[in-house]
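Visitor: Dropping a structure here in structure tokens format, bear with me for questions.
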Amino acid sequence: MANYFNTLNLRQQLAQLGKCRFMGRDEFADGASYLQGKKVVIVGCGAQGLNQGLNMRDSGLDISYALRKEAIAEKRASWRKATENGFKVGTYEELIPQADLVVNLTPDKQHSDVVRTVQPLMKDGAALGYSHGFNIVEVGEQIRKDITVVMVAPKCPGTEVREEYKRGFGVPTLIAVHPENDPKGEGMAIAKAWAAATGGHRAGVLESSFVAEVKSDLMGEQTILCGMLQAGSLLCFDKLVEEGTDPAYAEKLIQFGWETITEALKQGGITLMMDRLSNPAKLRAYALSEQLKEIMAPLFQKHMDDIISGEFSSGMMADWTNDDKKLLTWREETGKTAFETAPQYEGKIGEQEYFDKGVLMIAMVKAGVELAFETMVDSGIIEESAYYESLHELPLIANTIARKRLYEMNVVISDTAEYGNYLFSYACVPLLKPFMAELQPGDLGKAIPEGAVDNAQLRDVNEAIRSHAIEQVGKKLRGYMTDMKRIAVAG
């Protein structure tokens, strides 16, 4: 099979990369009714599989789970989760032939095997759903022409999808129809009903494409969402300890610092995050972020180039066939780092202390968010998509680090995201070491003293922060998410 994106001509590539439309709430007036009375079979019962299924059932849909025979016979975790929540569970052969919509929510590396198994069992005119388009775009999976192929991609981990639904809300969601597989023209109706059944329509839905979702998703998770947080954690911890900070305190400042900082980001964008600093600290954070952007821009661009060309995907799929040798090696090495093995700090760190003593971390967040956004937009991805795949998801990933450090982040994210994270962080850490060596007192671990500030300089910096394109689009999109709960647990 050929990478689907690479089979398109340039005009088609640009059209699909640039497909992004914020959908009005009136477009979801019918809710999930298009799928009511139809059989929805979910393949896979992980975080997305279980939680989307719970939401869809609560929205009145007929949901069951198709699992492999051995998973049922051995009563594996997927079988236990589905049965304990009262769902009907059966083998592929028992459930797929009756399904009107088959939703594939297994890990990326399993998609080809799953799709090749279920396709012959699917009835004529059925639909196949994904929550990530990697199998279609990067693997180039060929789907039977009578089958409608759609995507509903919540921009949150599965647990958040469920929690927000239970609160009567939802999470921002991308939906798409594969242009090669919409024989009856019903793909958008199916995708809208599925999104409504998960609650996504209450938080904002973008009509996108499989291509735009995959390319932007890969870029975000490799760079700012996971790679930058991992590289920043390792660099900042080592710097603090090198300068005499208690390793336990240093570990807590970083582990909970990302979450505390990005909670401000979630509520009011980069502007609010920077406003949490004193004026001297804000000016210093801005200067550091500009330096970081200049240093890291080529690395961000390389990741985007490799994602667009398919180089990243081919390398990762080669590792799949080699029993994940690179992935497992990188995972083991990360677990042995000084940050991951540092003792826990039993004392309390006040919320403002995370800002005052984390100026460099704030600069890293600002630089990483803006670089990821700018690089995606420069590659033809629309600003709304770039926002969701950079700034919006960052607090959610930071929250995983607050739970169990980098280990938890890498467990929660997909293997695809984890592989890309390691590629980025392994390149970024040595790239930034000379920069780290030139830091000044107050950049990390100590507060910058109050002092005189040049009014004109402060005015210009404030204007530069507020006028960035991500702040403009973010203000609009956050207007649809004002009811989302705070997630920070730092203390």
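Here the Cβ of each residue, glycine as well, is placed from N, Cα and C on the backbone.
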Visitor: Could you look at ASP217, ASP238, ASP246, ASP275 and say which one Swiss-Prot places alongside GLU389, GLU393 in the Mg(2+) 2 site?
Guide: ASP217
Visitor: Among GLY158, GLY168, GLY170, GLY185, which residue does Swiss-Prot name as a further NADP(+) binder in the site formed by CYS45, GLY46, ALA47, GLN48, ARG68, ARG76, SER78, ASP108, LYS109, GLN110?
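Guide: The record-listed residue among the candidates is GLY158.
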Visitor: Measuring Cα to Cα, how far is GLU389 (Mg(2+) 2 binding site) from GLY158 (NADP(+) binding site) in Å?
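Guide: Distance between the two Cα atoms comes out at 16 Å.
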Visitor: Provide, as an integer number of angstrom, the distance between the C-alpha atoms of LYS109 (NADP(+) binding site) and ASP217 (Mg(2+) 2 binding site).
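Guide: Roughly 16 Å, rounded to the nearest whole number.
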Visitor: Could you check the recorded positions ARG68, LYS109, HIS132 and say which one's CB has the most other CB atoms within 10 Å?
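Guide: That would be HIS132, with the highest Cβ count within 10 Å.
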Visitor: Given that the record lists CYS45, GLY46, ALA47, GLN48, ARG68, ARG76, SER78, ASP108, LYS109, GLN110, GLY158 as binding NADP(+), what is the largest C-alpha to C-alpha distance among them, in Å?
Guide: 22
Visitor: I'd like to know which of the recorded positions HIS132, GLY158, SER414 sit within 10 A of ASP217 (Mg(2+) 2 binding site) at the Cα level.
Guide: HIS132
